[in-house]
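Participant: Features from TrEMBL:
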DOMAIN    B:130-185  domain 'PAS'
DOMAIN    B:205-256  domain 'PAC'
DOMAIN    B:271-493  domain 'Histidine kinase'
DOMAIN    B:530-647  domain 'Response regulatory'
MOD_RES   B:ASP582  4-aspartylphosphate
Amino acid sequence: MPDSTRREAEDRVRDSEEGSVSLPDLGDSIDAVTFEQILEMDDEEDDREFSRSIVFGFFEQAEQTFKKMDDALKEKDLAQLSSLGHFLKGSSATLGLTKVKDSCEKIQHYGQMKDEEGTADEPDEAKCLERIKATLVAVKEEYAEVEKVLKKFYGS
Amino acid sequence: MRSIDEAFEVFTPVPTVLLDATFHIIQVSASFLALNHLKSGECLGVNIYDLVKSRALVPDPAALQVVLEKAISTKNVYTTSSDQAADRFATSLRAMPIFEQDALLYVLLEVQEASARHERRNAINDQLDTNDTYRVLVDTVKDYAIFMLDTRGNVRTWNAGAQLLKGYKPDEIIGKHFSIFYGEDDITNEKPRRELEICLRDGKVEDESWRYKKDGSKFWANVTITCVVRQGVHIGFSKVTRDLTERKAAESRVVAAYEESAKLKSAFLANTSHEIRTPLHGMLSALTLLMDTSLTPEQRELGSIIEESGSVLLQVINDILDYSKLSSGAFSISTDISVSVPSLITSVVRSIQPALKPGVELGTSLDLNLPTTALGDPLRYRQVVQNLVANAVKFTESGSIDIHASLAEEDATSFTIRTEVIDTGIGIKNVAIGSLFAPFTQFDASATKRYKGTGLGLSICKSLAELMGGAISFHPNPKEQGSVFWFTAKLGKFYTANEVDRLSTKLDAQVLSPVPDSLALVRELAPGKRILLAEDNFINQKVMLMMLKGLGFAKVDTVVDGAEAVDRARRNPLFYDIILMDISMPVLDGLGATTQIRELGVDTPIVAMTANAMKEDVASYLAHGMNDYVPKPVDRKVLLKAFLRWLS
């Protein structure tokens, strides 16, 4: 879809809801339509109490999950890594944190001893762990990036 | 200088006696005496027949008589062949009569020991000597190692090919055992010995494996060993060895190239589908938002064209993925999930209703003897039904579409179920019938413009029906214009009264018309409705609660795992109007919870919430007793539609 059309669609969302919100540029790490859905749930735009609690709750959850992933990686516990990947995939998807979500999905698949897409089997356990290790580094960077953007957005 | 008599006696190498015309022995060789453990005094002047009889010598008197009579009557040398000699030594006799005119003067009688090993070696050499043509042929072949082994497996002959291939010169190898060509493992496993045993039993043995050259390098060999029998006696083995190293290397290059390309294809398909699906989902969801705004009729029509084309495109991508999985054999079919054909058909009817053209009726008829539950692969079964019905809907402008399911066959362990889809659509021309189920065909090239699709649907259905132990076919509608597609599938039996009760569902053909302002409708419905939300991730839980609150739902209970959800449903079966169920949860997942809730007899609508929005996953949720699904991240518009379907 051409950019202009997408923007119109997004504009329409904003215009159609009471009190249009002005969003800063969140970059391509965050899906604007999904994140906007969260912002619409705020009673007042000024304090954004609800969305702030969700976003900061997510920060806490993500950091805890990364720590558990590090531990599981040390233990070489693929099943646990997959389950943690799935867990964080759910909440990052809800917030529209596309890159983090995609990486979590990869970890989920690698943990199931599949390829990146979850379509083909990868019988080599060591290879799966190696891929998870690399993806975990990437997802932490992706997370740090959105964390910075979102913290700036919430002015803290 | 010894006398002739003395020389004859001492030095004749072959055991020999010289007889006079009356067959009395006048000369005997030392070798004959040694052979028969006799002294010359016991022989000289004695009739040969008497000697043979009295000392039980070999060969027996009968053979002796034959050889002497033949030699005398033909006046020529005569030899009994070794197979005529019945004794275990396989001894033969050679008689040379000496005549003067017609008067017999002497007979020279020799005893030949065919059983002695050196004789057999000679036999092999004789054979090759006597057949120069073959010897020249064998010797000049350079691509094959052709050589002979004696009965013990020692190398006897060696051709040019053998020398080139294995690197040994004839004088280095002749007399050596052929196990020298084998690797250590083969020798430890006594492979050379076993090969000769098999060869003796079957006459021939063929093997393909590694062999070793003189310099220690190995090559991939095709080896044929044949048992060589001459005049009834096993004299050795012939061995032909070909070097297939190049061919094997070429084969493995081809296999590697094939595997690589299959892998690339699979990766390409997965990547492409992902790359196409992501923007397509974005486009379709933006379009949904657009369609909910106030549009002019013209804009709405254009929008619905985009919507339709978009969903066709999505279907195409899913079909291509399925097809590539089916054609690579990576597709697996379950045989142990409960299948309720009536409820599957109901669910297909429900999902297809909105696509019906005005003036087309969609009806179902189910035979009374149709089992309510069986074991099989509900999602594949549903996929075939869905595809056939969707085709009928696509090609039927007016009239009716009927889905008919019946029990075709039944035995102790399985049902064969036949499902027919009968339409009054445009039908199929005879010419197209043959290629109907071939991939990438549409029955009429001109139809492609009007009826979109990959042409993969029926091909996928055919593969699926066959994987389910059934078949698929087509015939024209016998009553009027149109088509009849039917397929059969074999489903397993199971006998739990509980399950049967749980799964027997009534058919309802509820018609849902598209609603322009779903938000307003849901807000009207919401007050008073009770929702159970099962979601373990508290971020998602909070967002869902807020979203539900925004839609006007005030009574929402939350649980964090499947077991708690089952517990709520058990304590108060009629309390909730709808259950929103996450799939992946601790303790008990959404599928397990749904199964248990259905087993309790609770038929509250259950909507799956999942980030695994693959078509096959979704079908499996429905097969577990869920009614609908909403992909994650939850889009409010999609959620609204689900509420409208299940709460109104």
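Every residue gets a Cβ built from N, Cα and C, even glycine.
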Participant: Find the member of B:130-185, B:205-256, B:271-493 that has more C-beta pairs under 8 Å to the domain 'Response regulatory' (B:530-647) than any other listed stretch.
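Facilitator: Ranking B:130-185, B:205-256, B:271-493 by Cβ pairs under 8 Å to the domain 'Response regulatory' (B:530-647) puts B:271-493 first.
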Participant: To see if you understand the setup: which same-chain residues, six or more apart in sequence, place their Cβ under 8 Å from that of B:ASP582 (4-aspartylphosphate)?
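Facilitator: Expected: B:ALA534, B:GLU535, B:ASP536, B:ASN537, B:ASN540, B:GLY590, B:MET609, B:THR610.
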Participant: Mean pLDDT over the domain 'PAS' (B:130-185): what is the value?
Facilitator: 84
Participant: Quick one: DSSP breakdown of the domain 'PAC' (B:205-256) into helix, strand and coil?
Facilitator: 12 helix, 32 strand, 8 coil
Participant: Tally the residues of the domain 'Response regulatory' (B:530-647) by DSSP class, grouping H, G and I as helix, E and B as strand, and everything else as coil.
Facilitator: 55 helix, 24 strand, 39 coil
Participant: Could you give the number of helix, strand and coil residues in the domain 'PAS' (B:130-185) as assigned by DSSP?
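Facilitator: Its residues fall into 27 helix, 9 strand, 20 coil.
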